[in-house]
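Read the structure below first, then the notes.
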């Protein structure tokens, strides 16, 4: 029997795909539509595998596979980037967008082939659809990509295969297949870009803040893999192991990551970072303000834990309590977007590295803070944190930061896009910081009419749309660089579609919603 919420979620994704391609229809549109149709059928095979326990790895069980919405994110981002850079006349990034789209399609197709291959009996109709979609995609790639670009796409696919086998084995129940596609696909692409740029360093070419993002992401992932292998052979909870952890972190950081970054930016990374952070008085004010907000977030954690100790050991933070952090993140990102986006870009990278490092300390029970972090953060667990890692706060940071990191600065004259594209950096703030927060708060307190087949309410979705429209109006007032050029109908449609997607998706909405809103705005 078909799952009605999954059907509605798929319908919303198809509407988004067709909305994007009605604006720009070319050969890649045929590929995107073919990929979406086959992903729609294959996701039911994945759902069946998850229900029967027939998947190769252990995935998150409280959600459906999410293959269709996840499969379309990277291809649509690449297509949108290609069109923006084509209109700006930047050929290099136009080709880069084509590579991104091709890579996303091939990785998604690979995940579909895996599902079809392990399904018994073999689903003949789905196999035929997957074969047709694969033929269209490969034919288009053959006539669109150069030899070097084909090699780059295959490199990312190879990294994705090996990374999936390693991380899905080490981290059971942390992802759905769709979330694994998004997260591991993104990491694979970042790793390939870092290797490519490290082998072809040209002095003075490339923005240091982009290199900083690549090295930081790859560095913390490699650090985690190293300690995971190491602690197979020793107990991570002892003082000796903890001292070794801190010592090896310093050695790898100063002996590998720093020299790697030095090779890319051609200057001392620490001196560059300090000079960058304190370059202007505005940056100093922002850093002081963000430090105050970080202290406030820590205060909320300590207060809620003290409240749990005085009431009940089984006490869990409510939905409204968890949304405090969404309000704090909005208060963090909006001033950065208005006054200094480059500083926000770098600060978000640093914050991501710190979050992941603290999660390593919690997961491995590294002394002296490992057990304390476990106790403090256990209060904020929900059904999505069913694996060994706590990822919801990292997904929140990623959802707010990805629109900033993925903003095509080189293809944006004067640092901003025209029309709805001017709101691209605000996609995370609107979708997660405002929309998701308001929907949860109003839906849980005043909502009565539920969307069919879900726990989400109509009142929550409507207030989320209304709140995002008000937020857009406030952005127009306070950010003079934003000029929408009468694209209000498209903005309303984009916000409405993404809000409906939030009501029906069982995937990590903090990660999925900002990316779809960014695609619509671009």
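Yeah, the Cβs are placed from backbone N, Cα and C, and that goes for glycine too.
Counting same-chain residues at least six beyond the ends of the transmembrane segment (61-80), those with a Cβ under 8 angstroms from any Cβ of the stretch are 3, 6, 9-10, 13, 16-17, 20, 24, 28-29, 31-32, 35-36, 39-40, 42-43, 46-47, 50, 97-105, 107-108, 111-112, 115, 173, 176-179, 181-182, 185-186, 189, 383-384, 386, 406, 501, 505-507, 512, 515-516, 518-519, 522. For 61-80 (among others), the entry in TrEMBL reads transmembrane segment.
For 92-116 (among others), the entry in TrEMBL reads transmembrane segment.
Residues or ranges marked as transmembrane segment in TrEMBL: 153-171 (among others).
A Cβ distance under 8 Å defines the sequence-distant neighbours of the transmembrane segment (211-232), meaning residues of its chain 6+ beyond its ends; these are 166, 170, 187, 190-191, 193-194, 197, 241, 245, 248-249, 252-253, 256-257, 260-261, 264-265, 269, 273, 345-346, 349-350, 352-353, 356-357, 360, 364, 405. The transmembrane segment annotation in TrEMBL covers 211-232 (among others).
If you look up TrEMBL, you'll see 244-262 (among others) marked as transmembrane segment.
Residues annotated as transmembrane segment in TrEMBL: 282-303 (among others).
Annotation source TrEMBL lists transmembrane segment at 324-339 (among others).
What TrEMBL lists as transmembrane segment is 345-365 (among others). Cβ atoms under 8 Å from those of the transmembrane segment (345-365) belong to residues 209, 212-213, 216-217, 219-220, 223-224, 227, 231, 236-237, 241, 245, 249, 273, 276-277, 287, 290, 336, 371, 373-374, 377, 388-391, 393-394, 397-398, 400-401, 404-405 of the same chain, restricted to positions at least 6 beyond its ends.
Residues or ranges marked as transmembrane segment in TrEMBL: 386-406 (among others).
Long-range Cβ contacts of the transmembrane segment (426-446) within its own chain (Cβ-Cβ under 8 Å, at least 6 residues beyond either end) map to 319-320, 323, 326-327, 329-330, 333-334, 337, 396, 399-404, 456-457, 459-461, 463-465, 467-468, 471-472, 475, 495, 498-499, 502-503, 509-510, 513-518, 521. Sequence annotations record features per position, and here TrEMBL assigns transmembrane segment to 426-446 (among others).
Annotation comment: TrEMBL describes 458-478 (among others) as transmembrane segment.
As annotated by TrEMBL, transmembrane segment applies to 490-517 (among others). Sequence-distant contacts of the transmembrane segment (490-517) (same chain, at least 6 residues past either end, Cβ-Cβ under 8 Å): 5, 8-9, 12-13, 15-16, 19, 62-64, 66, 69-70, 73, 77, 176, 178-179, 182-183, 384, 391-392, 395-396, 398-400, 402-403, 419-420, 423, 427-428, 430-432, 435-436, 439, 451, 453-454, 456, 460-461, 464-465, 468-469, 472, 484.
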Most Cβ pairs under 8 Å with the transmembrane segment (282-303), selected from 92-116, 244-262, 324-339, 386-406: 324-339
When counting Cβ pairs under 8 Å to the transmembrane segment (92-116), the leader among 153-171, 324-339, 386-406: 153-171
Long-range environment of the transmembrane segment (153-171) - Cβ separation under 8 angstroms, sequence gap at least 6: 57-59, 99, 102-103, 106-107, 110, 141, 145, 180, 184-185, 187-189, 191-192, 225, 228, 387-389
Beyond the flanks of the transmembrane segment (386-406) by at least 6 residues, Cβ under 8 Å: 60-62, 77, 171-175, 213, 325-326, 329, 333, 337, 341, 344-345, 348-349, 351-352, 355-356, 359, 362-363, 377, 380, 424-429, 431-433, 508, 510-511, 513-515, 517-518
Spatial neighbours of the transmembrane segment (458-478) far in sequence, C-beta under 8 Å, 6+ residues away: 338, 423, 426, 429-431, 434-436, 438-440, 442-444, 446-451, 484, 491-492, 495-496, 499-500, 502-503
